[in-house]
């Protein structure tokens, strides 16, 4: 099928990818054996029902023979003489002449039924064992395959070049790792065994038909090609793929918003983002509804054809029994039920086909990624390593554009030489290509033309991990991981000693503030370093770079986040450590690079000038212009300060929070759940109780018309099985009727009734499929929207919790909302169908024989018990799976969101290993689930045979002792047993039901949480004459996740309307925290704050200066009364900073 993969390619996956170190040949052979043996068990299990038909045929002939004998002897003129029925008034010779040779008195009905009961018990015991093995083996084998696929997919993603990530949404990747791989699991686990079982029953049923009555079987097969039209179900794969693509786009939106939640909150954009997310859900909803309608149509069509086959079979088969007497009634039923069971199992295999189609659709993109060879393979062992590295770098006619923007040339014939041991500074306006050149040195990208060489060797020929191990980089926007300070520094070089860590911290001027912390180097930095100030994070990142002892040092505005005092000290440290190293420095504060050995001026992607500070000033080129602009700006600021203007200059804009951390909020770490924050209360440590179904249905209430019509269709379909019992038993009764005319009339009426039932089933199946898909998709969209709305409505402190990282929240949105459908939608249809089936069957059964009904009903609790126990156990497994996969999702989100930092540090393997460790828990849970689910499934299947055993034995007793007509025995047994089968079939849906209740419970926890600061609340004062008078009164504050560290301690400060208040001080003293309190990201613990007494995903395709200027424009267009600028021009070059400063000055004095 175009656009999908074949199931066998999924099953062979582990073998074909043994080069990735995941395959163990012995284990793989074991899994192959499990799948083969599981398939054999499924095939033998599938042959059990046709085997039962042999017993059933003999049993039927026995009952009919006994009933004919009773009918004959009911004539007072007939008598049983010498085991032969004879006319009472005729001699033996006269009776013989009249062909009175029918035997009598030889048939012990109770004895015969006892023997048949033993047959049923033997088959039932075999079914239990086979059912258990079939399910457990396939689930166990699938668990390993899925573990391999998850590992392979994540490893291949981590091998991809950075350019691939520029064109691929991180949120989409997270969604595919959770939702799509789950669909693959559904396609290759228990559904395969069930499909083999049902298909075997289908084949064996037709073989039984040919063996016992080829004429009737051929008649039925002649119309079977009509069933082949049901292959149209394969359209579902394409529709599923389109639905998943739409959901992936919505997931990308959610990931982007949650990763930048502070920026969204600063601009009050929560409702706008919820609407944007909801718009992306509409497309997925449409595809889901179309899929449901098509499924309903083809299912109804399939049942309609099956019913037509029944009508034709009975009409023609009865003539073979009554007219030509080629078949006995038992043979007819063996042929008919063989074809019936074959057709029914073919119809019941449709959910399996849907799972296969969904799995194939989901696997397409997963395997496309796995099969893709990265242009720059960061985990490749290829390439050579130089014995001695001098450190000379050179760009030879390098031309480059980003893969996501091929029309924009970033570097244009760049020729540049960086000599070993020298410090070379790159200067130029934003977007000139300075940072791009650094990324080419790291080999994040390869040039489109030209080459970059190290000591004369093209770096494309060097081993990439070895190359990056030579490089230490400090960026303007540092990424820290949610572990201790010591471990963050240790990321720079594995196995580094504690003494080296301390030395690096001292060189980076980080030692003193670290030792002031309660836990010193063991202090957890929080999610994305959120518990550290910008300067503290920067100094830790510098220490991480220094501990690598790099041969090449890249400083991309490394001190831009530091206060003046720290910058001076760190700059001195950097001046010392770069001695003897090849160093490239990018800085907009030109004072920090004036002493560089070489300064290179960039403009329009070219190196237009080169020299020392004084030489370039004399040349009056790019560098001279930048120095002149910056000098004029500094002079203007000094003059303004000397005038004593009250309007100091850093400042307040109520709805803006322009800081480097929010521009690059995607760096927020998501490993926090692996290393819990100290002092953080674990509110979610308690067990999550499954949500009540009533509350789940409440959220589906707006769709009650669809659910009503869908339930009506399900109820009608549920009544079809009890109708079988009436029709089948009536057919049997006709074969013992003495009047041939009435016998024919009765048979024709039954056949016509089959056609009517088929038409009704067609329309009601289509109605049920459409109505429940509509209600289910609307519910999924509503829950996703409500969940996203609730997430954005939480206070910022909630996002600081390690359990609420963007990766975890995105995973929760992708899986929980869709899994809730397991308790609504089609699940309601299944429940209504089963209840109607059981209700109608019980009414029919009690009416015809209450004694036999009571006996059979004794077996229904066993069916319910198996389903209930299965649901209880799977609920626990569902929670374990959820927790384990959420932990893995956080690691994957950590890695994908911070891929540049991880690539620069060469830590891809570390994250792959951490991800694999987290996959072990769901794998072990799947193994436990395999045994429980298998035992429950086998038990539910065998109970039907046990029920038949006891029922027919007791039925024989009632026929013999109480004169019950044998057709009533078949009527009651078939009605109750088929309803029991419906109950057993319902139990197979318990995994989805269990997952739904757990997912709903977690979802409701989110919806029910009352945020400490409600962004949606309309309460509170609003003033028309708001002026901007602000006052902090004795404010004390600690971050919720770090209650042991006092950030603000009695802050009291005020600013009057029209004034500009400057916050200055060392890093970590509370400047940015004060701004966050003003924006009400947090509330103070004590005191008050009084008022008026497609730039690409997250801007990844823009330079930092371009992103910063867009953010400033975004603030200015709001025309705010209060303007907050947290180092708002730190990423701007001198010229842009001057332009921005003039613009802000105009805004301030408007």
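Glycine is treated like the rest: Cβ placed from N, Cα and C.
TrEMBL: automatically predicted annotations, no manual curation.
What TrEMBL records for 32-56 (among others) is transmembrane segment. For the transmembrane segment (32-56), the list of distant contacts is 11, 116, 119-120, 123, 126-127, 130-131, 133-134, 136-138, 140-141, 192-194, 196-201, 203-205, 207-208, 330, 333-334, 337-338, 341, 345, 941, 945, 948: same-chain residues at least six beyond its ends, Cβ to Cβ under 8 Å.
Among the features that TrEMBL reports, domain 'ABC transmembrane type-1' is placed at 36-358 (among others).
TrEMBL lists 117-143 (among others) with the feature transmembrane segment. Long-range contacts of the transmembrane segment (117-143) within the same chain: residues 31, 34-35, 37-38, 41-42, 44-45, 48, 51-52, 55, 185, 188-190, 192-194, 196-197, 923, 926-927, 929-931, 933-935, 937-946, 948-950, 952-953, each at least 6 residues beyond the stretch ends and with a Cβ under 8 Å from a Cβ of the stretch.
Under the heading transmembrane segment, TrEMBL lists 192-210 (among others). With a threshold of 8 Å between CB atoms, the same-chain residues lying at least 6 positions outside the transmembrane segment (192-210) that come near it are 7, 38-39, 41-43, 45-47, 49-51, 53-54, 134-135, 137-138, 142, 216-217, 220-221, 334-335, 337-343, 345-346, 348-349, 352-353, 356, 988.
According to TrEMBL, the feature transmembrane segment maps to 216-237 (among others).
According to TrEMBL, the feature transmembrane segment maps to 293-315 (among others). When Cβ-Cβ distances below 8 Å are used as the criterion, the transmembrane segment (293-315) is approached by residues 216, 219-220, 223-224, 226-227, 229-230, 232-233, 235-236, 239, 335-336, 339-340, 343-344, 346-347, 350, 354, 720, 731, 747-748, 750-752, 754-755, 757-759, 761-770, 773 of the same chain, each at least six residues removed from its ends.
The feature transmembrane segment is assigned by TrEMBL to 327-346 (among others).
Annotated domain 'ABC transporter' per TrEMBL: 393-629, in sequence order.
Under the heading transmembrane segment, TrEMBL lists 704-727 (among others). Sequence-distant contacts of the transmembrane segment (704-727), counting only residues of its own chain at least 6 positions beyond either end whose CB sits under 8 Å from a CB of the stretch, comprise 303, 750, 753-754, 757, 760-761, 763-768, 770-772, 774-775, 778, 828-830, 832-837, 840-841, 844, 970-972, 974-975, 978-979, 981-982.
What TrEMBL lists as domain 'ABC transmembrane type-1' is 708-995 (among others).
Per TrEMBL, transmembrane segment is recorded for 747-772 (among others).
Positions annotated as transmembrane segment by TrEMBL: 828-848 (among others).
Taken from TrEMBL, the feature transmembrane segment applies to 854-875 (among others).
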